[in-house]
Amino acid sequence: MAVVGVLALQGSYNEHMAALRRIGVRGVEVRKPEQLQGLDSLIIPGGESTTMAKLANYHNLFPALREFVGAGKPVWGTCAGLIFLANKAVGQKSGGQELIGGLDCTVHRNFFGSQLQSFETELSVPMLAEKEGGNNTCRGVFIRAPAILDVGSDVEVLADCPVPADRPSITISSGEGVEEEVYSKDTVIVAVKQGNILATAFHPELTSDSRWHRFFLDMDKESHTKAFSALSLSSSSRDVQDGSKNRMANNCGHYYRHLKM
């Protein structure tokens, strides 16, 4: 059975643990680097991203988290977890915060505004329905949520969201310190997948819909299948090489025996 770690520094880790229990999966709370060992996958929950980053620094977790992502094990970031996994974050507090990285995107830390502008909406998720069944929509719970401004060519967009009319203007400082508008589209990306990384700007763990958690677990199964296929291919390649060497040795032996005769 797969063992899923849930980063338990702050935020909605209890809700993710409960969601995993509902689908019969063992979850393990992670607070120290050594607790990442033996895990098949990892969820980084929503919360206050700056506080989570400070706690992760205090426990020296960032190197181990980057190693976990780099090893190709499935990692899912929700809300603040999305910010952690992004290669670039804008709209941060003064001084910024440390990121894990790995996800080729630019995320805006508070795209949808303050806590008072939190909201719920139906999101179109045909890919999720195709993979896990159910409706073509899911409930998106956005709590002082980030959003993804742009993605790299290897990133698959899974869901986007209409931009609320009351959203504040999104600005960032240029190199000269001048504030300039950077986003004016009608929709914004809120869920993506790139290789072993899944990221959602909203909170599936706060709903009764378990499909996102099942989708994430399927990513873990796929990673094990790929690893097994790669191992089998490597073994087959070694067998072919060993066979070629044996045939060459036999031919050489036959050649030298012929010379002696």
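Using N, Cα and C of the backbone, Cβ positions are placed for all residues, glycine too.
All annotation found in TrEMBL is predicted automatically rather than curated by experts.
Contacts of Cys79 (active site, nucleophile) defined by a Cβ separation under 8 A and a same-chain sequence distance of 6+ are given as Gly11, Ser12, Pro45, Gly46, Gly47, Ile143, Ala145, Pro146, Thr200, Ala201, Phe202, His203, in order along the sequence. For Cys79, the entry in TrEMBL reads active site, nucleophile.
Annotated active site, charge relay system per TrEMBL: His203 (among others), in sequence order.
Around the Cβ of Glu205 (active site, charge relay system), the same chain contributes Ser12, Glu15, His16, Ala18, Ala19, Pro45, Gly46, Thr78, His213, each under 8 angstroms and 6 or more positions distant in sequence. Look at TrEMBL and you will find Glu205 (among others) tagged as active site, charge relay system.
Per TrEMBL, L-glutamine binding site is recorded for Gly47, Glu48, Ser49, Arg109, Ile143, Arg144. Sequence-distant contacts of Glu48 (L-glutamine binding site), defined by Cβ-Cβ distance under 8 angstroms and a gap of at least six in the same chain, are Gln10, Gly11, Ala80.
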Quick check: with Gly47, Glu48, Ser49, Arg109, Ile143, Arg144 left out, which same-chain residues have Cβ atoms within 8 Å of the centroid of the L-glutamine site Cβ atoms? Gly11, Gly46, Cys79, Ala80, Ile83, Asn110, Ala145, Pro146
Please list, in sequence order, the residues in the chain of Ser49 (L-glutamine binding site) that are at least six apart in sequence and whose C-beta is under 8 Å away from its C-beta. Ala80, Ile83, Phe84, Gln97, Arg109
Whole-number Å value of the largest CA-CA distance among Gly47, Glu48, Ser49, Arg109, Ile143, Arg144, listed as L-glutamine-binding: 12
Surrounding CB atoms that lie within 10 Å of the CB of Arg109 (L-glutamine binding site), all protein chains: 21
